[in-house]
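To keep things clear, I will list the structure first and then write my remarks on it.
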Amino acid sequence: MLIPLVVMLLQTGSSHCGLPFYNGFYYDRVMNDKVYLNGVRLMVETSQDAVFSLRGANVTLPCRYYYSPKLDTPRMIRIKWSKLREDNTKAADVLVSSGLKHRSFGDFRGRTRLQRSAPHEVSLVINDLRLRDAGRYRCEVIDGLEDESGTVELELQGVVFPYQPHHGRYMLNFHEAKKACEDQDAVIASFEQLFKSWMEGLDWCNAGWLVDGTVQYPITLPREPCGGKNLAPGIRNYGERHKNLHHFDAFCFSSALKGIVYYLAHPQKLTLEEAKQACQDDKAEIAKVGQLYSAWKFLGLDQCDAGWLADGSVRYPITAPRPNCGPPEPGVRSFGYPKVGKFGVFCYKRS
Ligand SMILES: *[C@@H]1O[C@H](CO)[C@@H](O)[C@H](O)[C@H]1NC(C)=O
């Protein structure tokens with residue numbers, strides 16, 4: 001019904017009619033407040049599957065748009081990429097583009113661009129991925145009044161580790177837990193990241209904060225003190241806790257390492273202060289817990305010697321379990337935070 005009317009108006013050159021007029025196109029308002037372009041529909045297509053990558057890598061989040069039925073003349077559109085928050089309510093701007101102009105925001109400045117190598121492609125390229133880049137992104141295409149979007153999930157391959165500070169168990173509120181992970185070159189883990197680690201065998205009987213403000217812990221071998229023997233293996237959930245008042249441990253997440261971690265060859269065992277100095281003398285720095293886990297997971301670091309780390313803990317990484325090197329599963333073994341004694345040291349060198 002609308003099409004003949006438009007044709008008639010174009011023929012007569014008249015602009016006096018009851019229809020609103022935008023950008024040379026007529027719009028018709030239909031049910032659900034959806035706006036259609038003369039019966040032409042704008043569609044946005046993204047990847048259904050999550051995109052997997054690693055810290056430090058460059059990644060492309062695919063997105064394209066098209067009109068149905070097809071339009072012959074190119075149209076001026078605007079693109080807006082944003083990143084959804086953990087609870088999917090709010091979004092933070094990542095990049096906006098209009099014509100040849102584009103702008104990126106915050107932490108994404110200087111690291112993002114639009115990839116338009118195919119017609120109608122508006123994929124987002126993010127360089128030098130950071131741990132906090134993981135999450136869900138929205139690709140929004142705006143054509144006049146029409147606004148369509150799709151989302152893409154970016155997942156980083158990584159490792160989750162439980163973290164307890166030197167002053168003991170259940171000492172961190174949510175904000176302190178977040179900071180504790182950041183101090184270890186990691187971020188506080190998401191439920192998805194913890195779940196994935198549980199699938200890979202993580203079993204830890206102390207509850208820790210996750211980024212969504214819940215407190216949970218992963219159990220693969222049900223036992224009495226960890227939710228009960230009769231409860232199936234799974235993630236035990238204490239639910240949402242008060243972010244200031246309640247205290248637990250933390251689950252931290254790290255991905256690939258930008259650099260190397262090594263056990264320093266040194267003639268004698270060291271105190272923590274001597275260990276820090278020894279790494280500096282080697283033009284490196286004493287490694288953080290997240291860096292040791294990352295080197296264990298991604299670089300296969302295996303060392304059956306306990307060494308100091310920056311937070312004052314003593315640990316060692318085993319990828320090929322053997323007698324006298326801890327339990328029969330691969331893992332990072334911990335001696336806690338020794339108050340006395342001398343050990344080796346793990347150093348970190350940036351690449
Ligand atoms: C990422 O892209 C930048 C710029 O194009 C390039 O210099 C860098 O080598 C790339 N990094 C990786 C890991 O491929």
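Numbering starts at 1 and runs along the chain as displayed.
Glycine too: its Cβ is placed from the backbone N, Cα and C atoms.
Annotations in TrEMBL come from automatic prediction, not curation.
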The residue that TrEMBL pairs with Cys205 in a disulfide, chosen from Cys181, Cys226, is Cys226
For Cys226 (disulfide bond), the same-chain residues 6+ apart in sequence with C-beta under 8 angstroms from its C-beta are Cys205, Tyr217, Ile219, Arg236
Cβ neighbour count (10 Å, all chains) around Cys205 (disulfide bond) is 14
In all the protein chains shown, the tally of other Cβ atoms within 10 Å of the Cβ of Cys325 (disulfide bond) is 15
Averaging pLDDT over all residues of the domain 'Ig-like' (56-157) gives 92
For Cys304 (disulfide bond), the number of neighbouring Cβ atoms whose distance to its own Cβ is within 10 Å equals 16
